[in-house]
Amino acid sequence: MLRQEGSIAQNIKLKRTRDAVTSAIQAAIDRLTQVNKIPDNGLVLFCGENFDTNEFKCFMFSPPEKVPIFFYRTDKSFHTEFLEDMIEESDVYGLVIVERDYATIGILKGARVQVLEEFEGFVPGKHMMGGQSQRRIDRIIEEMYANFLKEVGEKVNAFFLPFVENKKMKGILIGGPGYAKKDFYDGDYMDYRLKKLVLQPLFDVPDQGDAGLKELIMKAQDLLKNQKYVQVENLLEEIKYHLAKDDGLVIYGIQDIRKALQMGAVDSLVVYDEPGSELEKLAQEAENYGAKVYVIGDELPDGEWVKKTFGGAIGKLRYKVY
Amino acid sequence: MSQKPHLNLIVIGHVDHGKSTLIGRLLMDRGFIDEKTVKEAEEAAKKLGKESEKYAFLLDRLKEERERGVTINLTFMKFETRKYFFTVIDAPGHRDFVKNMITGASQADAAIIVISAKKGEFEAGMSAEGQTREHIILAKTMGINQMIVAVNKMDLTDPPYDEKRYKEVVDTVTKFMKSFGFDMSKVKFVPVVAPAGENVTQKATHMPWYNGPTLEELLDQLEVPPKPVDKPLRIPIQEVYSISGVGVVPVGRVESGVLKVGDKVVFMPAGKVGEVRSIETHHTKIEKAEPGDNIGFNVRGVEKKDIKRGDVVGNVQNPPTVAEEFTAQIIVIWHPTAVSVGYTPVLHVHTASVACRISEITSRIDPKTGKEAEKNPQFVKAGDSAIVKFTPIKDLCVEKFREFPALGRFAMRDMGKTVGVGVITDVKPKKIDIK
Ligand SMILES: Nc1nc2c(ncn2[C@@H]2O[C@H](COP(=O)(O)OP(=O)(O)OP(=O)(O)O)[C@@H](O)[C@H]2O)c(=O)[nH]1
Ligand SMILES: [Mg+2]
């Protein structure tokens, strides 16, 4: 099949794209010919060149769970969506932020917060109006508002019901500025199965988008104590607090952390995710010493800070070590 | 439209301190609200058993606002004094709607801050979480220097109309504003009772100890800011209407340059070009708009989906800058722990609010000398000033403060609070195709 694709690729007009696709297909064929038996969980193969960095990458592996489908695609990016579920923690929380004319729908899985959709409703404000038809216009505005809430409900249903059906949805958080969230919850805009999952109270959240979702989670942290996102964020906030106070309760640098571990002084440790590195070893050691270890990547706002500023590992101490 | 000079005035302050009531009263006293609207507001207030709120109902027209007794959206109204033609923007005081207040403040030349003198209410507004405090900071950040402080609810002080309480409020607010760099010669105070109209357009009958000007007289002491007509055109968009039979009508305030009917303009970050077919302000058609004008303008060649709040309109020859990354000097005014690389607050610049990630903290600045105190610090905390680089999470139009002040200053907010303010010193532009 790949050979056939290879000859189709000869028809691509842009030379650069044609070359990239052809070499990706050839690389895939080369790798496949080395495999004599398909593993039980199936086989996954990604090949391609990144035009920005001119890097050519090819990955072949057998995933931790059975690959559910046969899928072949030539595209701008790697299609990992079928695999994501395998590495995801299965608990999912639905997130909704709704106000009069704007809404964000998202999910929280483990340490990942994801915006599914952010959209605006065309509910006009007040200032273009006045005069004769004032009341009529006010009524129309209220109607548009109700229609917008309906649209939000429909989208929430479409996004969240599949999670309910495969029993992954643990709860739904609703937030937003002012009263629209209450109107949304009270009105019958959501499917009854989703409504049952809504956690109380509804939260006051002034922002939308990614920032709004993160605020919603942090405001609901008491309900989400066991979520990795909340735990790591709280730990990092605590670390920053001690850093700002400069009270010696924070430790970084692989050498210093190792020393503190040996003294049994490390309470918890945040390590940047870098497979095969010294950091990975450190995380393993820390676990052996009984410290709470959180491995984080760039999905958290502070991932980059931990990596760049502290060489990828920073911990909170039980007591001052020097 | 009136030949008098035009000023944009925003009314700000903590929730329920009486902003809408004060403006409702002022406009009604001077006959700027038609009879029908007044009747309708009175009836609606009666029906909800809230007769005392009839003045606020003149501005709070949404069902949600009336039932809950709070302002949510900005209301724009016009009125005239002896000297000026005003567009007055009634802002919400509720903490959840601070972003709407910022949008309004970014379009204003002057502000009335309404502060309740009632025991407990004044203190709530000035507390660390209070919006009297936060709005003062944000108004200054958005470039408002002229301010009228209306000390309201003087009938509810203990004892009523207490001069001592008034002085206490004035002193506390003066101290706070000074610490934020206000030139106090441009800040004026007046004690008022909004529903009774005391010191609004008429001298108070219950406060003989006050001999100063009324609120209306203070409005005539405001000054018109200079108009940067020679600079390239910049209009941050506040709202977009799509009117059937007419087309797309973006609404916003001209910050610099001149807009004329027939001009070819570009909407950034979309890069879409359109032709201006008509310009109107307060339902009056005009041929050209200048800095300070609040306008709606009809454009041919663009669609509703190409434009949204926070976009900026400019000339095709000199389009607004979309930032790949920008450098700013910030002051952290409130943060429980520390601000570090990766921190992603929501930045409010002109009418836009976009989350921006701090990608580098270049240096910490000594507030006394203005010189670098530490290079590449691990973090900065409340009270610190720093030079940082921001990467916007979504396309965002900003400019250097030096070139376009209104598009180069911002407030940083996170978790519903203002964590800092800043000015933009440099912008690395992103390439956008103009189509
Ligand atoms: N006694 C007395 N009541 C007042 C005065 N000013 C306002 N009020 C009342 O205070 C309440 C709030 O007034 P509003 O004008 O809605 O306050 P606001 O500042 O516009 O509130 P938001 O827009 O929601 O922030 C209403 O019930 C008013 O009638 C005053 O001077 N004296
Ligand atoms: Mg109000």
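Yeah, the Cβs are placed from backbone N, Cα and C, and that goes for glycine too.
If you look up TrEMBL, you'll see B:4-227 marked as domain 'Tr-type G'. The GTP binding site annotation in TrEMBL covers B:13-20, B:90-94, B:152-155. The Mg(2+) binding site annotation in TrEMBL covers B:Ser20.
Under DSSP, B:Ala91 (GTP binding site) is assigned to coil, being neither helix nor strand in the three-state scheme. In sequence order, B:His94 are the binding-site residues among B:Gly13, B:Asp16, B:Lys19, B:Ser20, B:His94, B:Met154 whose C-beta falls under 8 Å from a C-beta of chain A.
Confidence across the domain 'Tr-type G' (B:4-227), taken as the mean pLDDT and rounded to a whole number, stands at 94. Note on B:His94 (GTP binding site): other Cβ atoms within 10 Å of its Cβ, all shown chains, come to 21. Proximity of B:Gly13 (GTP binding site) to non-local residues of its own chain (separation of 6 or more, Cβ distance below 8 Å) is seen for B:Lys19, B:Gly93, B:Ile113, B:Val114, B:Ile115, B:Gly125, B:Gln131, B:Thr132, B:His135, given in sequence order.
Calculated from their C-alpha atoms, the gap between B:Met154 (GTP binding site) and the residue listed as 'Mg(2+) binding site' amounts to 16 Å. Residues within less than 8 Å, Cβ to Cβ, of B:Asp16 (GTP binding site) and separated from it by at least 6 positions along the same chain comprise B:Gly69, B:Val70, B:Gly93, B:Ser116, B:Glu121. Listed binding-site residues: B:Gly13, B:Lys19, B:Ser20, B:Ala91, B:His94, B:Met154. Those with a CB atom under 6 Å from ligand 2: B:Lys19, B:Ser20. Cβ neighbour count for B:Ser20 (Mg(2+) binding site) (all protein chains, 10 Å cutoff from its Cβ): 28. B:Ser20 (Mg(2+) binding site) is 8 Å away from B:Ala91 (GTP binding site) when you measure Cα to Cα.
Of the recorded residues, the residue listed as 'Mg(2+) binding site' and B:His94 (GTP binding site) place their C-alpha atoms 13 Å from one another.
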